[in-house]
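The ATP binding site feature in TrEMBL is assigned to G180, E181, S182, G183, A184, G185, K186, T187. Feature annotation from TrEMBL assigns domain 'Myosin N-terminal SH3-like' to 33-83. Per TrEMBL, the feature domain 'Myosin motor' maps to 87-232.
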Amino acid sequence: MSSKDPTIDPASLEHLRVAQGPTDDSAAQSDWASKKLVWVPQENVGFAAASIITEDKDDCVVQLQESGKKLTVPKDVIQKMNPPKFEKVEDMANLTYLNEASVLYNLKSRYYSGLIYTYSGLFCVVINPYKRLPIYREEIVEWYKGKKRHERPPHIFAIADTAYRNMLQDREDQSILCTGESGAGKTENTKKVIQYLASVATSTKNQKTTPSNIISKLNVSSSICVFILGII
């Protein structure tokens, strides 16, 4: 592997990395703190951003950020909003307030920005884009090879590389579990794991078998196994 990183197409990077770094503007931080921004349950959208106007022992009067409407809600249904610096954070384990509303908001924000992979501690959350993205090319594979997870944006390749390196280092079997409801993208991500492992396993010199040949054979085998197990 070259000591230099391969050139990555900007069209690929925009689906891997946030275009601008996390918001750390002092004005935004001040606005967040002064308005006491929180999340309140709302039908159809799950949660809506609101600011606390007044509060007593059991209830709060809040004002919805989008409509300006004022509501009285029980204190126990309110969830705290994270500071602006955590906007579209790559690993949700880093959130100050790890609650349902913040997780949903972060995943939604990243997805709408074209970022389908997000870490949550040791897990990698994937949202099916229902379209092809240019983030599985050979140069992307090379970009993730041998890199620690935090050195690259969230990706199924990073998960596969971690498992592969742990196998070599610890001499122990590794497992990667792709789980989710029907249509979530389990089969496709399993294929991407196989693609990555086949590529790193054949990257040594004097290898007669090409990665593409192995990937093709493994994908056929994996599809049969997945079908037999009733995962598809």
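From the backbone N, Cα and C atoms, a Cβ is placed for every residue, glycine too.
As the structure is a computational prediction, the values presented were derived from the model and not from experiment.
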Min neighbour Cβ count (10 Å) across binding-site residues G180, G183, G185 flags G183
Around the recorded ATP site (G180, E181, S182, G183, A184, G185, K186, T187), other residues with Cβ within 8 Å of the Cβ centre, ordered by sequence, are N128
A correct count of other C-beta atoms within 10 Å of the C-beta of A184 (ATP binding site) gives 14
Its residues classified by DSSP, the domain 'Myosin motor' (87-232) shows 75 helix, 9 strand, 62 coil
Taking DSSP helix as H, G and I and strand as E and B, the domain 'Myosin N-terminal SH3-like' (33-83) has 6 helix, 29 strand, 16 coil
For S182 (ATP binding site), the number of neighbouring Cβ atoms whose distance to its own Cβ is within 10 Å equals 7
